[in-house]
Amino acid sequence: MFKKYSIFIAALTAFLLVAGCSSNQSSTDSEKKVTLTISAAASAQDALEEIQKNYEKDHQHITIQDNYGSSGALQKQISQGAGADLFFSAAEDKFKKLVDDGDIAKKDSTELVGNEIVLVVPKNGDSPVTSFSNLAESEKIALGTPESVPAGAYGKESLTKLSLWDKVKDKIVYGKDVRQVLSYVETGNVDAGVVYKTDALVSKKVNIVDEAKADTHSPIVYPLGIVKDTKHRKEAKEFYEYLQSDEAMKVFEKYGFTAE
């Protein structure tokens, strides 16, 4: 009887040890280090970096890797299979292309924030430009390439609506993204540039001299979505939801974005 009891106790102990190890293993697995890649419009960089720092502080097993660039270039990268878990675009048409092609499910997307287009000049320069009305007096103007840079496309729309495009198109120096356009203005290589308000606000080297009225260009909306081929759907979904939270939205608004 005692022998049977001893065998039972030994078996129970072994079972509990195995169960305990499994439980610990499960706990460890659930906290495995995960790196999320977000392909994001260059204009969102400052806000995103602060938001990500806050998120990583509370989710220490998550590392967020950024891939910044023009929305058009990022869209092409994702279409060609470049690894990304989320896409944060500054252009609805580039984002819609991925949805239409099945790279992002509509149910996994949202219109997150909005922005504005402004005219900037070098802070310590002697630019003749004081508003859109006398932009034609400038020698060089920086603008994002309209075909791939959303800010450039919106800027061209505004310049066309204001009957300025034909007067200034031969003076334009094109940038690969909005940050390059801003850099041209900051260094005084151009007299003025057309950028997002959010970019102008984070620069200490430019002055905003005018804002493009909303009726001069298409609505500026930044869509966010989870890439269908993500290998970390659970973690991508959690960060996707966090970006829509009140906490994250306060940071976006701090950098000049508007809530949608």
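Including glycine, each Cβ sits where the backbone N, Cα and C put it.
Since the structure is predicted, the reported quantities are computational estimates derived from the model, not experimental observations.
Going through Val129, Val173, Val178, Val221 against Swiss-Prot, the one listed in the molybdate site together with Ser43, Ser71, Ala151, Tyr196 turns out to be Val178. Cβ neighbour count for Val178 (molybdate binding site): 32 (other Cβ atoms within 10 Å of its Cβ, all protein chains included).
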